[in-house]
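Colleague: The structure follows.
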Amino acid sequence: MGNYNQTSADFILLGLLPPSKVGMFLLILIVLIFLMALFGNLSMILLIYLDTQLHTPMYFLLSQLSFIDLNYISTIVPKMSSNFLFGNKSISFIGCGVQSFFFLTLAVAEALLLTSMAYDRYVAICFPLHYPIRISRRVCVSMIMGSWIMGSINSCAHTTYALHIPYCRSRAINHFFCDVPAMLTLACMDTWVYEYTVFVSTTLFLVLPFIIIACSYGRVLLAVFHMNSAEGRKKAYSTCSTHLTVVTFYYAPFVYTYLRPRSLRSPTEDKALAVFYTILTPMLNPVIYSLRNKEVMEALRRVTQRICFVKM
């Protein structure tokens with residue numbers, strides 16, 4: 001493999017799973033999670049589209065979250081699975097850049113979209129009379145477009161840098177996808193400037209949004225506490241706890257991974273943490289938002305009844 005790495009422009013993804021029966025079992029588990037994520041997110045998008053009572057800003061944002069998660073897990077798992085099954089761990093230089101670009105774009109877009117969803121709940125609960133003005137369809141579209149544009153710009157900058165630095169060591173990336181920090185360990189130049197930009201990007205697109213989300217839900221919980229309606233408090237608490245569960249699963253491993261200096265990072269730990277935000281979160285989001293959301297379950301019942309009535 002050493003000679004291959006020196007003579008080929010391709011990268012080698014060392015992968016996540018050991019080449020054994022245990023690895024095959026874990027791969028089957030990951031593929032099942034992948035299929036559940038595809039089914040769950042597609043179902044959520046379709047349900048929100050079909051049920052008119054879910055045609056609100058909150059569920060419009062939720063459908064976009066499902067769309068991002070659908071693409072997110074599809075960027076990582078198919079390539080990782082084929083590499084394990086066929087034993088060909090190589091990925092072309094351009095292919096690595098494309099995977100890195102989409103991963104970073106979707107990661108930042110999801111982080112900013114979760115912030116938009118927190119703002120939506122903040123306005124809905126703390127300023128219900130102003131909600132139709134502050135969270136109009138136009139505002140929703142602007143927040144979604146802003147998430148995608150900021151994610152693309154950030155991703156383009158990081159990916160362009162990674163593709164233009166010289167690699168003079170082994171081409172073996174100790175990861176299961178083209179993660180730029182893992183790629184930079186193979187560079188034959190000092191990358192401290194880039195590591196600083198990673199810190200800045202993580203602060204801007206992960207830490208700052210997380211602080212905004214925490215402050216928003218802090219205000220929401222305070223407002224809920226002063227509600228007179230017990231039913232209103234129960235519904236608000238349910239919605240907030242759902243969102244906070246999703247945010248915790250997504251942000252915590254991401255921030256812990258990218259804010260640590262290189263000296264404190266280990267490939268094994270980075271890969272284990274990456275499983276949370278690349279594989280588990282896209283599968284858990286539709287499950288959390290459906291099972292813990294009474295409106296979604298009622299919409300599912302209405303759509304199911306409608307489909308059954310049409311067949312009859």
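In case you wondered, yes, glycine gets a Cβ from its N, Cα and C as well.
As annotated by TrEMBL, transmembrane segment applies to 24-50, 57-78, 90-114, 135-153, 199-224, 236-252, 272-291. What TrEMBL records for 40-289 is domain 'G-protein coupled receptors family 1 profile'.
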Colleague: Test the contact criterion for the transmembrane segment (272-291) and the transmembrane segment (135-153): 3 or more CB pairs under 8 Å, pairs 6 or more apart in sequence, then answer yes or no.
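Modeller: Contact between the transmembrane segment (272-291) and the transmembrane segment (135-153): absent.
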Colleague: Residues of the same chain, at least six outside the transmembrane segment (24-50), with any C-beta under 8 angstroms of its C-beta?
Modeller: 16-17, 59-60, 62-63, 66-67, 69-70, 73-74, 77-78, 80-81, 84-85, 279-280, 282-283, 285-287, 289-290, 296, 299-300, 303, 306
Colleague: Looking only at residues six or more beyond either end of the transmembrane segment (236-252), which have a C-beta under 8 A from one in the stretch?
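Modeller: Same-chain contacts beyond the flanks: 110-111, 114, 117-118, 121, 125, 206, 209-210, 213, 217, 220-221, 223-224, 227, 276-277, 280-281, 284-285, 288-289, 292-294.
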Colleague: Taking a Cβ cut-off under 8 Å, which residues six or more beyond the ends of the transmembrane segment (135-153) line up next to it in the same chain?
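Modeller: Cβ under 8 Å, 6 or more out: 57, 60-61, 64, 104-110, 112-113, 116, 119-120, 123-124, 205.
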